[in-house]
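Participant: What follows is a structure written as structure tokens; I'll ask about it next.
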Amino acid sequence: MTANKPLLVVIVGPTAVGKTELSIELAKKIGGEIISGDSIQVYRGMDIGTAKVTKEEMQGVPHYLIDILDPDEPFSAFAFKERAQKLITEITERGHIPIIAGGTGLYIQSLIYDYPFDKEEISPEKEQEVKEKMAQLESLSNEALHDYLKSFDPDSAEDIHPNNRKRVLRAVEYYLKTKKLLSYRKKTVQFTENYDTLLIGVEMSREILYQRINCRVDSMLEHGLLQEVEQLMNQGYTSCQSMQAIGYKELIPAVNHEIPINQAVDKLKQHSRNYAKRQMTWFKNKMDVQWFDRAQTSLPLILDEITARIKKRRES
């Protein structure tokens, strides 16, 4: 353990690569408890589209931050960090090892580093002004909104894909509230590690991964994904931010009979493959991850290697 910091194991990798299975088997082997790092698995009723772990798959291993909110409730990197930090402390005090399974790059980064979240107080008048401006911007297309961000913060615009509307809006809102550029803030922040973190990455060749993604989408549909989306829409969640997640937004037009189901499925597969590619790029460029090829290395071998590294850290 480094400088008395709690040990934290984080398992990252692209969608459909096998993080869930690895995290559960590792938890069983080392006495771990799992904290989901997924921003959508927190929502009740969004099960099939998020490949949410089932009670049977958990095999008795404790899981946290799953099914804790309704789809219309907000969830952010800051909210994740607050909840996860508390859980890590509790798990460590029980003598177990906390394992973060999956998650977006920002969520993981905000947790393992002393990542600052601005809490600047602004007047009610300014708050209302920003709220009205954001409401106006909501009507813009993804491209137009991205161009607006580019007009005052080109570095953030370059870092954020135009289709990642949530992050674009976050960068715009940050500027409107603080008159500071999010990109400048990121460049000037000095990160301090909160934990003795072992970052484990799972990967495989693009060809194999894309095949797995396509098969997973087909399996989701066979298990009722379309019906899950329709049920969420019937409950009034259609316009919620959570429904903009991959696996849901693509099927809404199909449920509304605006496009054929096969066209929606093709979009879902394409978006999932694109997302997997972005995930790999982010983790390989931004974080010091120890990678294992899941297609080339057996699960027992990976588990033995991770266990050996954990033992080494505990002894150092």
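Cβ atoms here come from the backbone N, Cα and C positions, even for glycine.
Sharing the features that Swiss-Prot gives for it:
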type	residues	note
BINDING	G13, P14, T15, A16, V17, G18, K19, T20	ATP binding site
BINDING	T15, A16, V17, G18, K19, T20	substrate binding site
REGION	38-41	region 'Interaction with substrate tRNA'
SITE	T104	site 'Interaction with substrate tRNA'
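Walk me through where these features lie, including what they touch and how far apart they are.
Facilitator: Taking Cβ-Cβ distances under 8 Å and a sequence separation of 6 or more, the neighbours of P14 (ATP binding site) in its chain are E203, L209, Y275, A276, K277, Q279, M280.
Taken residue by residue with DSSP, T20 (ATP binding site) is part of a helix. Same-chain residues at least 6 positions away in sequence with a Cβ under 8 Å from that of T20 (ATP binding site) are, in sequence order, A51, V53, E57, A101, G102.
Tertiary neighbourhood of the region 'Interaction with substrate tRNA' (38-41): same-chain residues 49-50, 52, 65-67, 75, 80, 101-104, 107, 242, 245, selected by CB-CB distance under 8 Å and a gap of 6+ residues from either end.
Within its own chain, T104 (site 'Interaction with substrate tRNA') has G37, S39, A77 as residues 6 or more apart in sequence whose C-beta sits under 8 angstroms from its own. DSSP gives T104 (site 'Interaction with substrate tRNA') a coil state; it is part of no helix or strand.
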Participant: Within the same chain, and leaving aside G13, P14, T15, A16, V17, G18, K19, T20, name every residue whose CB is within 8 angstroms of the centroid of the CB atoms belonging to the recorded ATP site, in sequence order.
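Facilitator: Filtered neighbour residues, in order: G102, V202, R294.
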Participant: With Cβ-Cβ distance below 8 Å and at least 6 positions apart along the chain, what are the contacts of K19 (ATP binding site)? List them in sequence order.
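Facilitator: Result: I11, V12, G13, A101, G102, V202.
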Participant: Per DSSP, what is the residue tally for the region 'Interaction with substrate tRNA' (38-41) in helix, strand and coil?
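Facilitator: For the region 'Interaction with substrate tRNA' (38-41), the helix, strand and coil counts are 0 helix, 0 strand, 4 coil.
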Participant: With a radius of 8 angstroms around the mean position of the C-beta atoms of T15, A16, V17, G18, K19, T20, what other residues of the same chain does the substrate site pick up?
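Facilitator: Near the substrate site, the remaining chain residues are G13, P14, E21, A51, G102, V202.
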Participant: What residue among the binding-site residues G13, G18 has the most other CB atoms lying within 10 A of its CB?
Facilitator: G13
Participant: Which site among A16, V17 has the most other CB atoms no more than 10 Å from its CB, taking these as binding-site residues?
Facilitator: V17
Participant: Tell me, what is the mean pLDDT of the region 'Interaction with substrate tRNA' (38-41)?
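Facilitator: Value for the region 'Interaction with substrate tRNA' (38-41), mean pLDDT as a whole number: 96.
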